[in-house]
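These features come from TrEMBL:
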| type | residues | note |
| --- | --- | --- |
| ACT_SITE | 245 | active site, nucleophile |
| ACT_SITE | 282 | active site, proton donor |
| BINDING | 243-248, 307-311, 375-380 | substrate binding site |
| DOMAIN | 99-470 | domain 'Glycosyl hydrolase family 13 catalytic' |
| SITE | 376 | site 'Transition state stabilizer' |
């Protein structure tokens, strides 16, 4: 016999619809209902009827094989036999993350398709994959951020079994798994949660409509819903971490903020499971409170994304200054991002027309994620074009070098490492025509601030928009993609082999705004970048012996006692020694050039 329960405080009666029968459920305190039955077995379909109404899927459904509007299906997690008992993920200070979208990463568009690319990812050298949301959403294609069945992995990707196979295969390959979860709203189509209870609140409006009810009447059960969801991913799917989407839209006035409570739950799970877990926030607030310890008034999360470094790097590489890029554009901004974490740490923002952020410099570098591309910064462009379609290979190599030698935890977006030519566009499969039209028109209006024309914006509902976003794996053996891939592999290998390049202490940075060069020193490793259009002489530490670890072009780099001469749009990584220089005043590369 199995006890089936559901929270439905608004209902006067609830029935479990299963096996062609409607079993009346017993009311319990707190708005809960339950029934005991032998029919609730693995693979059996079921739903709930509220007050004699039409069957509705379970808010905590573990499996939605027919889509989010249809019956749920019982799933017995104990049936899957795990073989990853000895797995322990590397700490964030030694991590290199790889963000991917299951539906477009491979031709199969499935969890099993990702499994077949694990040898490639292991050879690349990344430590973790970060999956864009895989919770069930309306239709067969989408980014995943409009999820409505948060406990059920998307059936089009392979469902619960497929996700378990992927996580286990990753662990056996020595790769961790971070899962992107959305706790700030529910999707606009296919959600029946409001029929069951007050999951949403009008107290705090968010861009997607009503906010999640984390602090209003009956919010205890809503908080438990999300805490239970996080616990399920850790316990039943063995994921190593969660990326928490847009936490600035998780609005909670409770004395114990839901993010702090989530961090507390994760810490308890670490003790019971005997392995390290991590929580990474995406936030637009530039607020170190997210990673500050609860004892010091923070929420106790492990790390957060940092858009400031991306924006500073992007504006320098592309020259774009529309929209929020108006706040960036100088080498001084990039230098501050590398040394302080946040550029906007209380500084006035022209884009926001107010001061923004707080200082982050006192925190270890690994508590910020650094990237030159991610799903948002690519996919939320009008055409979804990647950096590789905007700048040349020289600047792509500079971007990779600055991210992968930064003091922060680096993140690579799928295909970035070979300069994929395919875009990553915003795609949906909404069944409601009015909603589809609203999304289409809303996207076009949104991009007006960046100077893009409406005709530049692909139709999210068009299947071709999704198809265009699939990676073309045939590119990796072609020029110049193979050259850029080799460069990323070399940088990743260097980061893993050079202790000074691990995430942590802030670098020393010098630059010339006028000449367009930047010098970043991390311990005994020196990264020199020439972003200018002419050869530049970049000062070196006086009298220190050095040799080239990596260089982005095959031309010799001239090293003298006082400086290094770099060609335009090139980057060099040097090893610096503290001993007094000996021998010739001019050295050349003493290791093979790597491209």
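Any Cβ shown, glycine's included, is placed from N, Cα and C.
It should be emphasised that the depicted structure is a prediction, and the values quoted were computed from it without experimental measurement.
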(request) Could you round the CA separation between residue 307 (substrate binding site) and residue 245 (active site, nucleophile) to a whole angstrom and send it over? (result) 14
(request) According to DSSP, folded down to helix, strand and coil, what is residue 282 (active site, proton donor)? (result) coil
(request) Filter the binding-site residues 246, 310, 376, 379 down to the ones within 10 angstroms of residue 282 (active site, proton donor), Cα to Cα, kept in sequence order. (result) 246
(message) Restricting to the chain of residue 245 (active site, nucleophile) and a gap of 6 or more, list residues whose Cβ falls under 8 Å of its Cβ, or answer none.
(response) 133, 145, 180, 181, 182, 183, 184, 282
(request) Could you tally the C-beta atoms, other than its own, that fall within 10 angstroms of the C-beta of residue 376 (substrate binding site)? (result) 20
(request) Would you mind listing, in sequence order, the residues at least six apart from residue 243 (substrate binding site) in the same chain with a Cβ closer than 8 Å to its Cβ? (result) 130, 178, 179, 180, 181, 280, 281, 282
(request) Look up residue 246 (substrate binding site) in the DSSP assignment and report helix, strand or coil. (result) coil
(message) Give me the count of other Cβ atoms within 10 A of the Cβ belonging to residue 379 (substrate binding site).
(response) 21
(request) Within the domain 'Glycosyl hydrolase family 13 catalytic' (99-470) only, compute the mean pLDDT. (result) 96
(request) Inside 10 Å of the Cβ of the residue listed as 'active site, proton donor', count up the other Cβ atoms and send me the figure. (result) 21
(request) Tally every other Cβ atom lying within 10 Å of the Cβ atom of residue 307 (substrate binding site). (result) 23
(message) Counting across all protein chains present, how many other Cβ atoms fall within 10 Å of the Cβ of residue 246 (substrate binding site)?
(response) 20
(request) Under 8 Å Cβ to Cβ from residue 310 (substrate binding site), same chain, six or more residues apart: give me those in sequence order, or none if nothing qualifies. (result) 370, 371, 372, 373, 374, 377
